[in-house]
Amino acid sequence: MAHGSVTFRDVAIDFSQEEWEFLDPAQRDLYRDVMWENYSNFISLGPSISKPDVITLLDEERKEPGMVVREGTRRYCPDLESRYRTNTLSPEKDIYEIYSFQWDIMERIKSYSLQGSIFRNDWECKSKIEGEKEQQEGYFGQVKITSEKMTTYKRHNFLTEYQIVHNGEKVYECKECRKTFIRRSTLSQHLRIHTGEKPYKCKECGQAFRQRAHLIRHHKLHTGEKPYECKECGKAFTVLQELTQHQRLHTGEKPYECKECGKAFRVHQQLARHQRIHTGEKPYECKDCGKTFRQCTHLTRHQRLHTAEKLYECKECGKAFVCGPDLRVHQKIHFGEKPYECKECGKAFRICQQLTVHQSIHTGEKPYECKECGKTFRLRQQLVRHQRIHTREKPYECMECWKTFSSYSQLISHQSIHIGERPYECEECGKAFRLLSQLTQHQSIHTGEKPYECKECRKPFRLLSQLTQHQSIHTGEKPYECKECGKAFRLYSFLTQHQRIHTGEKPYKCKECKKAFRQHSHLTQHQKIHNGI
């Protein structure tokens, strides 16, 4: 009987054309990752082999990997067959015959390769080439595993394994954070996050990585190699996955869909980030104040508030910003650039998000609903701010006077009181404002523009907040209720004024006679006495 050391063919996976087309995009991506990982594990065992065709094509081709699809029968290379036939099986060793699907074989080899020297010196795999098998044998391959030390070998069922992948079932759980994974190899990679292990080190700069694929990608930064070019626009990429993701910009393909709301994404990472909105998961925590964030970039931006680090400075006016996107948005003020135009009314905006927010005015869509009072909002941020009315949460604190605010914009507006800064000046009348939004609102006085119209009575308004307040007259809605006496109000400012009756607070003081008032209008009326009006 002939035998030889295990070859990459033994641990490779191949599909028929029909089978390949049955796989969805996520499974095809998984296939690519598994084949690369298998190849990496295989060559780490020591055998010196040339790169198999399937890996070369995965590395170089621009289209989907049809090259790994078998059509009809399986073909073996003659040089591999001769290797199998020239060696003789040692009769002293025990032989375990295992009939298994190729995916099963791959899982076992990966599993045992992680357990030290068993794979290197103590056992050999034998793949018997029997020619063409019967059609009904399908994926089965016969492998003879020779070992003195290995006495047991747990057999997996391929159908179960395939169903786990196909159904998205996550059976491998991390004991540290309880996160679950479809494949054991992915769990092994994840565990390195907790252990801090980074076994793959760049010889050029010394930077270390948890995964070999990350090292390979990083190494191309040193070489400047970008072998994957988009045929549509000519943009080049270091890895095939980046090209695949980029091409979806041209095709409009969004294969990753959220099961909660149906929103689709080009990249799986985008879907993962989006799903945290539904789950409420915020895995990134600030070590200074304990605040948590859904995205790592949000944490990085927040941490600069503690360090007062402003790396991005405007060359026009010298104003500095915590992050690059804020600087780019600011620079459009100097350039007068407003590239995002509403097709309904022609109004233009500096950033795309502003246009998206504006368009919901025309559609009337309010998808975000408060579970406490049922009020709906156009923007999620509006819902979050509104919910703080119910929770009375004020997470933003002024470091100068320790006053707290329910929104970050209120804090920024307040802080300019301490520094006296009013950088936004009206070119018509010279009046200056602390916030750009205040200047924008003010300018509508000069232009006479009233873009916000009530659909009930057609009355127009300069500001959206004015329209919102007005609409509550038609609906009779009074969502702001005093918890002391139960009285309800249309506007939050009305509730705030009313609550001063219960608290006795009188924040508005006359500088002439030191008399205090609950409302600013009462102070204004009182000052007329001193002015002789």
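Even glycines carry a Cβ here, placed using N, Cα and C.
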Which listed span Swiss-Prot calls zinc finger, if the choices are 36-58, 312-334: 312-334
Candidate ranges 3-25, 95-117, 256-278 [criterion: Swiss-Prot lists as zinc finger]: 256-278
Cβ-Cβ under 8 Å with the zinc finger (452-474): same-chain residues at least 6 beyond its ends: 361, 441, 444-445, 490-491
Residue counts for the zinc finger (228-250) under DSSP, helix then strand then coil, are 11 helix, 4 strand, 8 coil
So how many of the residues in the zinc finger (200-222) end up helix, strand or coil by DSSP? 11 helix, 4 strand, 8 coil
Out of 200-222, 228-250, 256-278, 312-334, 508-530, which stretch has the largest tally of CB pairs under 8 angstroms to the zinc finger (172-194)? 200-222
Contact yes or no, the zinc finger (396-418) and the zinc finger (424-446), 3+ Cβ pairs under 8 Å, gap 6+: yes
